[in-house]
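Read the structure below first, then the notes.
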Amino acid sequence: MKILKYNIAFILILLATVACVKEDNLFSLEHITAPENVNAVFDVTQDNTGLVTIIPNSEGATSYSVDFGDGTSAELKMLERVTHIYTEGVYQVEIAAHGITGLTTTITKELNVTFKAPENLVVTIKKDVVNPRKVSVSATATYATVIDVYFGDVVDEEATHVLPGEEATYTYEEPGDYEIRVVAKSAGSETTEYTETVTIEAASDPVNLPVNFESFTVNYAFVDFGGVVSSVVDNPDPSGINTSSKVGQSEKTAGAETWGGTILTLEAPIDFSSKKEFKIKVWSPKANAVVKLKVENLNDGNIAHEVDAVTTVANEWEELTFDFAAIDVAQEYQKVVLFFDFGNVGDGAVYFFDDIRLVSAPTMGSGIEGIWKVAPEAGSMGVGPGPGDLSWWAIDDAEVSRRACFFDDTYVFNTDGTFSNVLGSETWLEGWQSGSADACGVPVAPHDGTAAATFSYDQNAGTVTVYGKGAYLGIPKVINGGELTNPQDAPESITYNVELNEDKTEMIIDIDVDGAWWRFKLVKEADFPSSPIEGSWSIAPEAGSLGVGPNLGDISWWAITDSELVERACLYDDVYVFGADGSFSNVLGAETWIEDWQGGSNSCGTPVAPHDGSAVATYTYDADAGTITLNGTGAFLGIPKVYNGGELGNPLDAPVSVTYDVSLSEDNMVMTLDISTGAAWWRFKLVKN
């Protein structure tokens, strides 16, 4: 029977072996909640007997009680169905789902048993706004007991049964025209039908970065070659760093070429102006497999750049990084090409990949500094027998809502090495802290944010330690080797295993409490940037963005015009990069604007040393003085000829350093630079990329 995709969960928990030697019993049945998503499928026999079949279902139930609404009832085991004979009438059928602990969830369904032929059938068919292949059907009819829906995509299809007014949903596998048939039936032999043809469109939206394979409207049109077969599939291992629903799959079939791979063509060329690092999540059946990532020009395959990475684990997700810093940014690249196990003949191995992203290269900072919160989502904290295993208990959506006072708590890692818990007026208190039922309440010392705490982060070991009685991450009771039962027993330090993901905006924390592991997922609320100028900048592509005049801010002698913007396009794609580690670089690509004093003819051309981006340079930003100083022969902002007290007539006379007056505006997204040559003032307007 094609039912509405009901899932029945079996819960088998063996607690005795975990807690038999632990006086405080870290894990108990209190973690198990009442059954959820309780429902039932009804069907009626059309022979005037009034025989109705009821099939209860839910998540987390081990048995059911069914009150037929006529003074009689039945007890059912999991997966059982029950039949009952009704006389004509309207009944309130009550279904109680019982969990392993005795917790119960009850729902009521209205059942209208009649022997008359259904009339006035009204059918509503809707396509899902997110997934256009998903269709929902609901119907009402006078004298209808059950509605049967046929979606028309298979031969000898079995009906989906719903009660009048309820929805039946279905997802089509392929595009096409399908005839949906809706049958309203009562306990009598007569029925009323309605048919309608629905058109399921093929996915047609273009592919753009980042690629995560979750869209139902994007056409992920793989072009395979060399014996590789690729497609979008369900995630075969939704665990670790990748719990998404859909992923890419590439099978390197037996005998496939050593160079076999697959191509995804993007809607537009890749913008490498400020981001030059690809990250891809990969699941490989073997370690030490070479994964080659190549980008190609749309029309000329000879214009390409490729980078290799090597898998380090087998049969689990990991994120590989591909450094494209050396790419020629003057060229255009619109194809993304992936090769798995490059250099080896295909052996039938299947590889999975996901979350293809272009990001900025990491800075010198550790990434842990900043303000963090526990992610306000189901599964963001939990406990189980091993690292990352939340099978004993994981927070669900209902608990996230109930514990709102906890999810607004922040964990602050300051750049000076201090740490603080910021809890506000309320946080989540457990019985061992308050002596009463778990609920929101005033923070209890020493876990109240008053601890004078510090932290240390060992990136190589993958650990973070917080020092200070009462300092903690996640929840306060969890400590190394156990769980607290008295606030005054809080230790002086706690060490957590930590992993930073998603460009250091997600922190996964694991801690062993002797026989079990807790996990917390934190997300970064805010960074502590070293400077507002950190990042990549370009000259604003607008008239007046560079010019010169007799006084500060006066560009009356000359200012760039709209037509000159077009002529000097090779200048306006230049990038000025201020690193978090104090480094500075000019990224010019294959061409920039070359003036006659450099040996050019005031036109686009190959960069001339030392103003060619090769300078090993640093910068200092003095916010109080309103200045930026570049240190390194050949480093510059705006145009290279301008320096303090003059204009260059020979590239070899470039100074070792240049200082500019600077002001930031529009939320630090616009930088205005002024510099005096002695006889004139130049001004440049930069915008942050």
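Start at 1 and count along the chain as shown; that gives each residue its number.
Note: Cβ is positioned from N, Cα and C throughout, glycine not excepted.
TrEMBL: automatically predicted annotations, no manual curation.
Keep in mind that what you see is a predicted model, and the values were worked out from it rather than measured.
Straight from TrEMBL, the features:
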- 39-116: domain 'PKD/Chitinase' (DOMAIN)
- 120-203: domain 'PKD/Chitinase' (DOMAIN)
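With DSSP states grouped into helix (H, G, I), strand (E, B) and coil, the domain 'PKD/Chitinase' (120-203) comes out at 0 helix, 50 strand, 34 coil. Here the domain 'PKD/Chitinase' (39-116) is broken down by DSSP into helix, strand and coil counts: 0 helix, 49 strand, 29 coil.
Mean pLDDT for the domain 'PKD/Chitinase' (120-203) in this predicted model: 94.
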